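See structure below.
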Amino acid sequence: MMETRIQVRFGELSTKGRNKKRFIQKLAQNIRGAMPEYDQIKVKYDHDFIFIDLNGADEVGVREKLKDVFGIQSFSPIYIIERDLELAKSVIIDLVKEMEPSGKTFKIATRRADHSYEHDTNWLNAELGAVVLDAIPDIAVEVKKPDIRVRVDVKKEHFFISTKTYQGAGGLPVGTSGRGVVMLSGGIDSPVAAYLALKRGVEIEAVHFHSPPYTSPQALQKAKDLTAKVTRFGGSIQFIEVPFTEIQEAIKEHVPEGYLMTVTRRMMLRLTDAIREKRNALAIFNGESLGQVASQTMESMIAINDVTNTPIIRPVATMDKQEIIEISQQIDTFDLSIQPFEDCCTIFAPTAPKTKPRLEKARYYESRLDVEGLIDRAMANLVITHIKPDYTTDVQEELDFSDLL
Ligand code: ATP
Ligand code: MG
């Protein structure tokens, strides 16, 4: 009988000092939560590693899920067999053969946890190495930098054998950096910002502004679908819809063309901050990239950021569009993001927004609005949807759509 256990290394966590235990516990919990379909697995941990006993769960499937869990540096499957030398030899040969060993170098690295075992590590390395050399043509021993490292641990009743190490996603376990709200539009950039927030351990909630009937139900659905895509990296996300129609109409009526965009963004930020406070979150994330469009100049940031002291983190601020696109392709949001549904900003977008708005003017034009009343009414009508990793548009929602078309 062969059992499989996956050994997980956590990298950056090792430096977390007193918080280390909390981090490890959170990571173990996130691993468990990332693969609900494999309910037979057991996740355990000690000070140095997390171990996943597969108990018959599909190893390839579990490895695929593990690749998306933040806080993991690398992981290795370990095959656990009875302490039978002949069995160990055949298992090692099979494992090395799987690694397309022709023309490669290898090393056997034995460790004895049980020192009472009859053979010492030198003897075992030589004996097991000879078997590999015999069984596999065109392979050579290399002690310093082997292509294939076969680790054999001698335990009281078992051999633990391992040959492969897989790269993890890096980052920090989601939930260990506190909670943030992400301003999530239907575009390319903000889902990438959401992903990068999760990568640094931030538990996120998504805030989305929509302005029916100027924006379509499909645009709203697209934002929800994008949120669902991102749950792959951190589990369920609360999706908070903000009704923005009244505010956009008021702005359109009272604010001159050149400042529409700046005032719109100020109102969005105020609302996001009010939601952040209500949801006990610490920071706001958005998908702004410096210089990409008029609202994303530093002058604009000054004019918009004026409404709050809350930290605003812009994970893609310094990236080129192409770099952002590459990440969106990796995380599988790109194809959805480029679907052509107008969001609330494009509909009311002025033809020539100011790229260098002045703070005083933005404040002045905004004072023509009943800011407090507008905010209160929007806040009273938030709609929250709990989006789980298995989220799909349900039939009811689809029916509602066709009614509106
Ligand atoms: P994205 O691809 O994320 O839509 P963008 O390049 O289209 O970004 P803008 O439309 O200027 O940029 O928006 C800048 C940021 O403002 C977005 O990344 C997002 O964080 C936020 N934002 C814009 N529109 C909305 C919306 N309808 N709901 C929530 N957040 C929004
Ligand atoms: Mg956009």
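First residue shown is number 1, and so on along the chain.
Note that Cβ sites are derived from N, Cα and C of the backbone, with glycine treated the same way.
Per TrEMBL, the feature domain 'THUMP' maps to 60-165. Annotation comment: TrEMBL describes Met183, Leu184, His208, Phe209, Arg265, Gly287, Gln296 as ATP binding site.
The structure, with features from TrEMBL marked on it.
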residue	record	DSSP (3 states)
Met183	ATP binding site	strand
His208	ATP binding site	strand
Arg265	ATP binding site	helix
Gly287	ATP binding site	coil
Gln296	ATP binding site	helix
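For ligand 1, the neighbouring binding-site residues among Met183, Phe209, Arg265 are Met183, Phe209, by Cβ distance under 6 Å.
Averaged over the domain 'THUMP' (60-165), the predicted model has a pLDDT of 95. Cβ contacts within 10 Å of Gln296 (ATP binding site), excluding its own Cβ and spanning all protein chains shown: 20. Residues Met183, Leu184, His208, Phe209, Arg265, Gly287, Gln296, recorded as contacting ATP, have a largest CA-CA distance of 18 Å. With the fewest other C-beta atoms within 10 Å around its C-beta, Met183 stands out among the binding-site residues Met183, Leu184. Non-local contacts of Gly287 (ATP binding site) by the CB criterion (under 8 A, 6+ apart in sequence, same chain) comprise Met183, Leu184, Ser185, Gly187, Ile188, Asp189, Ser190, Pro191, Val192, Ala193, Arg314, Pro315, Val316. Counting every protein chain shown, 27 other Cβ atoms lie within 10 Å of the Cβ of Phe209 (ATP binding site). Around Arg265 (ATP binding site), the same-chain residues six or more apart in sequence whose CB sits under 8 Å from its CB are Ser295, Ser300, Ile304, listed in sequence order. Of all Cβ atoms in the protein chains displayed, 26 besides its own lie within 10 Å of the Cβ of His208 (ATP binding site).
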